[in-house]
Amino acid sequence: MATAASSTPSTSSSLPSSSAARAVASLAAAAAASDHSIAEAEAEAEAYEKTHVHGVYEAIAPHFSATRYKPWPAVADFLHAQPPGAIGLDVGCGNGKYLGVNPNVFMLGSDRSSALVGLAKARVQSLQGGRDGSGPEVAPAGGTGVADAASSGKSKNKNKNKGQASVGGEATTDVTPTTTRPDSGAAIGNDVLVADGLSLPFRDCSVDFAICVAVIHHLSTRARRQDAIRKLLKCVRGSEAKAGSGKVLVYVWALEQGNSRRGWDEGGEQDLLVPWVLKSPKPQQPKQPKKQRKKTHKEEVVQGHNDQDAAIAAAADANKSGEHSPIPTPTPAISTGEGGVIAGGGDANGSCGGDDHTDSVFERYYHLYRKGELEEDVLAAGGAVLASGYERDNWWTVAANEPSPSGPA
């Protein structure tokens, strides 16, 4: 699969994001052009995402997964608010860190990356193999307000970047006090499969809830982002089906990240290529020889006498057998200037070679959502906004299907 790798010996903190505005404008123009079919425009957008999204995650999957190990408290709250026995989806599940957060629901995870799905499957098997109560660590109930906001229909915007360490909108370390819930442990059932978020293999109105965390912002046109939300809404049952069902939680990166190290903020570029640095292992250096302790004068004299006695004895034995061996001449020791010596010259440290190695840099496409844009996309997709807010450099919304004009579904 194609990737967007380049070689540069830089670190992630020193690499700025680059604009993707021209590429995105070209994709939008292709979609609007009269001589372009919808299929052709979609193919161009898909090709762009294959290079700058799908191919990247295939290449960085193990490294990426290692930085995504703790559920976000707000998402965990939403999952724990679901009733026992509910069936839900995690679209764009990555390594499956949200599967098993609530052991009383059944979840199906899906992701476009087969490499990440492989990691998620391993996690699911681990959960299902040991029902010992050692489930994933999550925040205490009521710690974030997303589930409460969805229930009350109110938006709760958290203080930006309070109590968190984030990387361009992705929290890498959760510093919120956490605890293990009494009911945490292996989920009653989870499964995971490879699937495209724009072509989900699930039946319409078949699940009670869905989550889609840090996924939709990877789609390169607004029409595709709205279609992804529409596909999520089609999967969940109508909001009147039963209490607590039919809700979709969506998280996307925010443009307004003025307090983060990235410095993105209102009025800035929304379409970016954000670098991910995959560190290459440094070549191992040969072991340095142990420094020899300098012998005292007495030790040198004793050693010299011992060597001479051994040589004389060897010569005597040789004379007895008719062979003549010369007394060995000591090889001069050459100082290395660093407290060590080598015999007969040469390289005291061996051939170390250079320290040249490069890190691979992958550029991931992101659309940074401005305030209110996610709600607009939900409405354009035919959904209703139950709650919305800002959390951890992300905008989030809880959406549901609009009630049918003819009555409950």
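In case you wondered, yes, glycine gets a Cβ from its N, Cα and C as well.
Positions annotated as compositional bias 'Low complexity' by TrEMBL: 172-183 (among others).
Under the heading compositional bias 'Basic and acidic residues', TrEMBL lists 297-308.
What TrEMBL records for 309-318 (among others) is compositional bias 'Low complexity'.
Residues 20, 23-24, 27-28, 31, 42, 45, 48-49, 52-53, 72, 75, 78-79, 82-83, 86-93, 96, 98-100, 106-114, 117, 120-121, 124, 127-128, 169-170, 241-242, 244-253, 271, 364-369, 377-378, 380-383, 394, 399-401, 409 of the same chain lie 6 or more positions beyond the ends of the domain 'Methyltransferase type 11' (190-234) yet place their CB under 8 Å from a CB of it. Marked as domain 'Methyltransferase type 11' by TrEMBL: 190-234.
Taken from TrEMBL, the feature region 'Disordered' applies to 126-185 (among others).
What TrEMBL lists as region 'Disordered' is 279-339 (among others).
Shown for the domain 'Methyltransferase type 11' (190-234): DSSP residue counts in helix, strand and coil, namely 16 helix, 13 strand, 16 coil. For the domain 'Methyltransferase type 11' (190-234), the predicted model reports an average pLDDT of 96.
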